[in-house]
Amino acid sequence: MLRGRPRLPPVSVAPVAALAVALLSSLSRCSLLEPDDPAASALSPYFGTKTRYEDANPGLLRDPEAPRRDPELLQDACTPVQLVALIRHGTRYPTAKQIRRLRQLHGLLQARRGGGAGSASAGGRDLGAALADWPLWYADWMDGQLVDKGRQDMRRLALRLAALFPALFSRENYGRLQLVTSSKHRCVDSGAAFLQGLWQHLHPGLPPPDVADMECGPPRINDKLMRFFDHCEKFLTEVEKNATALYHVEAFKTGPEMQNILKKVATTLQVPVHSLNADLIQVAFFTCSFDLAIKGVKSPWCDVFDIDDAKVLEYLNDLKQYWKRGYGYTINSRSSCTLFQDIFQHLDKAIEQKQRSQPVSSPVILQFGHAETLLPLLALMGYFKDKEPLTAHNYKEQLHRKFRSGHIVPYASNLIFVLYHCKNAKTPKEEFRVQMLLNEKVLPLAHSQETASLYEDLKAHYKDILQNCHSSKECELAKVNNTSDEL
């Protein structure tokens with residue numbers, strides 16, 4: 001048990017059985033999530049990249065469409081002239097791989113009946129029986145597609161940003177919006193839903209037209225920008241396809257923390273421990289998160305785990321993100337240089353147009369991608385870096401780590417660059433300032449902790465990335481010398 005952290009009391013058989021009876025007798029076989037439900041609120045901060053946006057931004061639970069103006073945002077003498085936003089897609093279905101694993105686990109629970117496992121109590125059946133009867137409604141076709149809740153995530157984000165920056169998201173600028181997206185359907189659909197939310201803001205009460213008929217046009221697909229990792233040969237060879245690159249992830253799966261959970265879950269579900277593995281345990285945990293995020297329900301899968309389990313499973317997920325998308329390998333972040341430079345090219349162009357007293361041609365640039373798009377970029381910029389690397393062997397030392405993917409890149413997460421033109425500047429250099437927002441909160445500069453920067457100072461700080469990081473060179477595999485000196 002972790003010191004200073006209250007552990008949930010063990011679940012007794014009778015309450016679990018009573019819960020199962022109530023669940024199974026309902027029409028939809030699911031209990032609506034109560035806002036103050038202790039189990040759901042206890043586990044939801046630990047779902048990693050499967051975290052709901054509102055759990056990373058709790059104020060949205062009360063009013064999801066109200067803009068939340070960070071008091072650190074510049075105002076008065078400084079006027080926003082351009083906004084560049086990188087946005088992760090909204091809530092999605094599990095991938096086909098995750099669904100297959102869930103089906104395997106579900107089959108294991110159903111098979112236990114034939115072996116006589118599970119004993120009925122005075123109050124009803126055990127948790128394993130409740131899970132065996134819990135509807136497995138996920139199908140292979142879903143495979144990571146955007147869900148209705150994900151579209152709602154995007155529409156609401158559009159409403160909040162439009163209310164926060166009304167001059168940029170104006171009717172006059174609507175036709176000048178520039179949208180770029182990954183080719184994945186969940187990203188394309190997220191961009192379309194964002195446009196529908198913006199239409200709702202600009203034309204309240206009017207149904208939005210088809211995205212293809214909107215003045216700004218549909219999002220433009222650019223995978224070299226939004227899925228840069230798929231186009232980086234060095235990353236693909238040394239990380240993505242390298243069986244040893246995720247050594248710490250695999251080692252943690254067989255380490256004491258995960259093995260303790262494995263034994264506990266086997267006992268709880270009354271299945272042989274050898275029939276379970278870390279991947280099945282993780283998909284069970286994620287199923288709790290998917291049911292919550294997609295349907296807003298608390299499923300019995302959540303009752304399998306307590307907070308201490310959740311922290312271990314969150315760390316397992318963070319280990320993967322750290323070594324595959326974060327600071328684990330230099331190429332993870334350096335492969336995102338093209339995207340970083342693209343952002344500053346937009347900002348440069350806007351400044352040049354303002355200096356020539358011309359209207360900014362693209363006041364809003366929206367780029368829809370993935371957690372895998374945002375994490376490398378944030379690492380490139382120096383954010384959320386811990387003093388020691390995350391490894392399979394320092395779980396306890398990393399309990400208070402900075403790198404927590406659920407706090408950084410939940411569903412619908414967003415990294416926003418806002419360029420301001422400031423009046424009464426004493427020098428031309430002081431005319432233009434930049435702020436960054438992560439998930440609608442001002443993100444202090446990684447190198448100074450200031451909440452705003454002169455644009456030229458920010459460029460100077462990232463000079464090496466802007467001038468010397470070239471994807472063609474960074475992603476090039478080292479040439480192997482096959483010649484031999486032997487006679």
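Just so you know, glycine gets a Cβ as well, placed from its N, Cα and C.
Any TrEMBL annotation is an automated prediction that lacks curation.
Note: TrEMBL links CYS288 through a disulfide bond to CYS302 (candidates: CYS302, CYS337).
TrEMBL records a disulfide bond between CYS78 and CYS422, which is the match among CYS422, CYS469, CYS475. Around CYS302 (disulfide bond), a 10 Å sphere centred on its CB holds 24 further CB atoms from the protein chains shown.
Packing around CYS78 (disulfide bond) is summarised by its Cβ count: 21 other Cβ atoms lie within 10 angstroms of its Cβ, all protein chains included.
Annotation for CYS422 (disulfide bond): spatial neighbours LEU74, ALA77, CYS78, THR79, GLU430, GLU431, PHE432, ARG433, criterion Cβ-Cβ under 8 Å with sequence separation of six or more.
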